[in-house]
């Protein structure tokens, strides 16, 4: 019996933390992965874990039955609530139909799905402590229970992100957690008095959960891992690579990409006629910038997901990438490399219209400047308001210009949100202005004409 209690605490700790990681990962395509979103998820998780501890300590009897019931309903809740299609429908219903604010939709989901699961699983430790020999001191029993549960959580954190996501995918991770809860129900069957019919129905529910999650993932996605869901859409002689519901890259039969990619490509390879230059691209996408060739340049792509290259080559480009690839976090790469580049292209979107916050700071742009040669050029693609009608467009503009004071800004459209290209040479500040009292504009103009000849 002691071994059963130890298994309960270990597996409950594993599943509880794994569910938290799964929630963060599954919400990434819909709500993004910013610190704000993650902190709200963690906050709700901890609140209802505490409530679960409190409620579990209030039960006077029937400990085995309550444990079994909690594991059974948690299994169903996880299998359906963390299903990608369910989350997609919930997102569409709350955001598009009910017109709920973004954070209200997130909070509602967490209260309906994450909160009950954590509340039920949180009762495990106080319930289980009643099942140890009461001859032991309370501190010894509670210390042992917390140690085993936390050890399970430690294992769940590592195994979920480093092994299950990487080698089995997100859907199988959901199924694995449900299977562990099913195992706990079986272990508790003799003590809880659970009849065979409910157990068989629960087994059928587990099989349905497998179909619901794994079959959907295999049908729609080429890959799911820590970083995103990758899918390929084909239409009108073109292929579209979507990552986390965002159109990441497009390629036509003529090797052409999105309009902003064609703009950057034309600017670098046709107008500037770059050849035999070192070019760094942060944010690989589908490697479409060099799909038609590198024009004899040395191009290096950096992307946080090491698996994106194999997905692009097999399903998107249907051939080898043109250039080199480094699967690494961009900030880490910039910290570790001593390479100097003639051009750096920053085009890193993780979800729809969201750039990782760490790639929008003055410190990041200062890092980019430090890796540019003296005559180097920075090209940044942003999705923002071309007329600076919101705080984001103004502040990201201020941030870039604080490091690169002289940038040409090229909106590709004039919609509320549009691709806006920043083209910034590496130059120091020049704070001289022309005024009615003192101006050298005539001399500067003729000097400009002379230097252009």
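Glycine residues also receive a Cβ, built from the backbone N, Cα and C atoms like all the rest.
Unlike curated records, TrEMBL annotations are generated automatically.
As written in TrEMBL, here are the features:
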type	residues	note
TRANSMEM	28-51	transmembrane segment
TRANSMEM	71-91	transmembrane segment
TRANSMEM	103-122	transmembrane segment
TRANSMEM	143-164	transmembrane segment
TRANSMEM	170-188	transmembrane segment
TRANSMEM	195-212	transmembrane segment
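Away from its own ends, the transmembrane segment (28-51) comes close to residues 16, 20, 87-88, 91, 102-103, 105-107, 110-111, 114-116, 118-119, 122, 228-229, 244-246, 350-352, 354, 356-357 of its chain (Cβ-Cβ under 8 Å, at least six residues beyond either end). Beyond the ends of the transmembrane segment (71-91), by six or more residues, the same chain brings 15, 19, 22-23, 26-27, 30-31, 105, 109, 112-114, 116-117, 120-121, 170-171, 174-175, 177-178, 181-182, 184-185, 188, 198, 202, 205-206, 208-209, 212-213, 216-217, 229 to within a C-beta distance below 8 angstroms of the stretch.
Outside the transmembrane segment (170-188), and at least 6 residues removed from its termini, the chain residues within Cβ reach (under 8 Å) are 4, 7-8, 11-12, 14-15, 18-19, 22, 25-26, 64, 67-68, 71-72, 74-75, 78-79, 82-84, 160, 164, 194, 199, 202-203, 206, 209-210, 213-214, 216-218, 224-225, 229.
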